[in-house]
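K.L.:
Pasting the relevant annotations from Swiss-Prot:
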CARBOHYD  103  N-linked glycosylation site
CARBOHYD  382  N-linked glycosylation site
CARBOHYD  434  N-linked glycosylation site
CARBOHYD  538  N-linked glycosylation site
CARBOHYD  585  N-linked glycosylation site
REGION    112-136  region 'Disordered'
TOPO_DOM  1-22  topological domain 'Cytoplasmic'
TOPO_DOM  44-673  topological domain 'Lumenal'
TRANSMEM  23-43  transmembrane segment
């Protein structure tokens, strides 16, 4: 029994030992193999995701690399690129390509380890498991890229981006000269809107611009002079004789120091002492004499006096400018006198011009020039001939007064215009031009007109009427343009020229211009709000308001093509006489020839191209140089005639280049550029 009991105990122990062994096996399995499976699976997933990111980055770098290589190829020649490729291949493991081929991060590299040693480990026994794993990773990465990245939309967007980058790179590399010039011009236009004065003032490279104005001391001294005058008047009223004398002494010192200085640099060294001394005297005067009402009254009186002085000076300036425009310079007067004397010393047979048979030939090109200025007339003729293609076909009809008839003849006898024909006439020998036929001559004989012209104390002697008191408005040479068919009865067309113009191109094409039945061919001068009829005519008069449009465009005298056949048909001279008689009291327009010309040729003027006639060189300083150089005729209309000292220096060379200043007559009369 005991033996059985012992055997049964042993069996129980064995049974319990077998159960604990199975539990131990399960415990070891879960503790070892489960984590092992987890880490192995996670490692596979990480490797696949790394491969995916590496492939995508590699693709992104590939297209950037291709774009960069295209730009590089456009910049360097093939030989240079071959040298670069050879040098790059020779770098071996130091090359960027070898770095990119290694999938590991740079932080995993061992320093001091030979790369060739790592790559040479077990070259003949490749790891089968690693190869299988790499194949699986490649297949996984390719599938995931095709599913997640290589969609048609993304491919299309990437292609568009590549095209835009290529186009931009080509534009930057292949800019030609025209494109660069356009960009420069655009930059210049944008810079015009920038106030360069402000930029210069605040430039860190020009610190002197940050200082006070260059005339600050002068303005301070002028202010002190004004206040010294004010306090001098008050001191005189209050019998402060000592202070008055001191103020007057300092006032004289300040005025002496100021002189004609326009900037602080013009002031003497003692200016600062004078400023300080005057400031002390003014402070003393303010303590003793300051009275708000008295000071204000004195300043107002001084302001009113200054305004009156300004108006007087403006009127005087206008008068002097008009007077200067009327005068003939001494050298030109000398030239006229010398030529006149020499002309009347000639025998009658030597006073005739050649080729007189051309004067009435309608197949030639005829010019009408009415002038009493020998030098100006010579410039018109010379400039026309020098720019004519065939001078032998040009005929010049000059008309002057009896005072300049000899001088005009003598000049062109000594200086004939080449093969061209020229003829000089005296307006005083036109017997048909008398007061019974010509309204202007009849009006000039009236007492009212003589009073208007020759009495300076007349109520209308203001600056607004000074320009109409020019002697040219009294001369029949100025009104002879309205009698062209009577002066040249056998001509069909004639080109009228003023004596203050120069010709820069051949004018013969003007005879081929179709005037479309009009009488006058002229260049229009009107802008948006100026040089229209309301500027020249009195539209408060019912005769003017009824017959003309105030916004009608004005045109210019100076170069006009007249069709004399149409002139005779339409009785242009009769129309001129009618309106001139109506304007006897100057109620329709002021004196001059342009207003009656606008009226007479109203609706009968054919507009010419503006390039034929450029005006304003006698008053406008801002005419475009290109317009002047491209013009066929340049007109110095205005007071600043090119033969006067008033002339604008930048326009004068266009006129003087047609004068031979080495001519003996010009040298004797001291005529020079």
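Any Cβ shown, glycine's included, is placed from N, Cα and C.
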K.L.:
Taking only the Cα atoms, work out how far residue 434 (N-linked glycosylation site) lies from residue 382 (N-linked glycosylation site), in Å, as a whole number.
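P.N.:
Roughly 33 Å, rounded to the nearest whole number.
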K.L.:
Express the distance between the Cα positions of residue 538 (N-linked glycosylation site) and residue 585 (N-linked glycosylation site) as a whole number of Å.
P.N.:
13
K.L.:
Most Cβ neighbours within 10 Å: which of the glycosylation sites 434, 538, 585 is it?
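P.N.:
The residue with the densest Cβ neighbourhood is 538.
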K.L.:
Taking only the Cα atoms, work out how far residue 585 (N-linked glycosylation site) lies from residue 382 (N-linked glycosylation site), in Å, as a whole number.
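P.N.:
With distance taken Cα to Cα, residue 382 (N-linked glycosylation site) is 41 Å from residue 585 (N-linked glycosylation site).
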K.L.:
If you draw a 10 Å sphere on the Cβ of residue 382 (N-linked glycosylation site), how many other Cβ atoms land inside?
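P.N.:
A count of 19.
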K.L.:
Through the lens of DSSP with three states only, how would you label residue 382 (N-linked glycosylation site)?
P.N.:
helix
